[in-house]
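Working notes, beginning with the structure itself.
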Amino acid sequence: MSLLHIHASPKGARSASLRLADAFLDEVRRLEPDLEITRLDLFDTDLPEFGADSAIAKFAPLFGETRTPAQEAAWEAVLAQIERLDAADRILLSTPMWNYSIPYRLKHYFDLVLQPRVTFGYDPQKMLHYGMLRNRPVQLILTRSSVLPGDFADFQLPYLKFAFDMMGIRDLSVLAAWRTTRPTPEAREDYIASFEPQARDAAAAFLARPAGKPD
Ligand SMILES: Cc1cc2nc3c(=O)[nH]c(=O)nc-3n(C[C@H](O)[C@H](O)[C@H](O)COP(=O)(O)O)c2cc1C
């Protein structure tokens, strides 16, 4: 059994979302020591570019086109990211809100893994997308300064829900910490630490959910 931790803050040890993710993972390790945990730190990883070669390669099968070698290479790099995601039985995603939405590196990641005929399909009769990956538990750990979850300006949580749902991953749980901006390091520490019990409780609930079972 494996857990992929996707993390999307550049702030290293000063990241509030990473601190809560670490509290969550400490509890996961305590409860399930054999779980294989890997981290994909999106600000510390050279994600493949999604430029002309990838964008043309994306629709080549739909347009009946043969990919050039460069397009094929770009596409293989995209598929490698999808394979890594799909190999995980469980997913933890920790991210701050940036400008009411998600940090650009996380958007880059979704631009890589959201691919027609690979992670989602489209039913022209129903005019609806459907997911092509198996459902599995996802824990979201979200931080933000001022925007409450459910606020009209919250484009972070709705986007993440929709993006996972498009791929068929619907078993989402959310831990959101807001008002994280405090004037002193001590106040920031104390405030974010006050969410750690919730992170540990979330870990226990997360492990109780069945992992990656086919629909
Ligand atoms: C570039 C940038 C944009 C931000 N935009 C918002 C925002 O739109 N709304 C908000 O409530 N907080 C915003 N914040 C605050 C962060 O979401 C908040 O400080 C969060 O706790 C940081 O998490 P981290 O320490 O894991 O990076 C922004 C922070 C940065 C650096």
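Using the three backbone atoms N, Cα and C, a Cβ is placed for every residue, glycine included.
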Besides S15, A16, S17, which of S2, S9 does TrEMBL list for that FMN site?
S9
Which residues of the same chain, at least 6 positions away in sequence, have a Cβ lying under 8 Å from the Cβ of S17 (FMN binding site)?
H7, A8, S9, S94, T95, P96, I141, L142, T143, A177
According to DSSP, collapsed to three classes, what secondary structure does S9 (FMN binding site) have?
coil
DSSP three-state call for S17 (FMN binding site): helix, strand or coil?
helix
Sorted by position, what residues of the same chain at least six away from A16 (FMN binding site) have a C-beta under 8 A from it?
S9, P96, T143, A177, T180, R188, I192
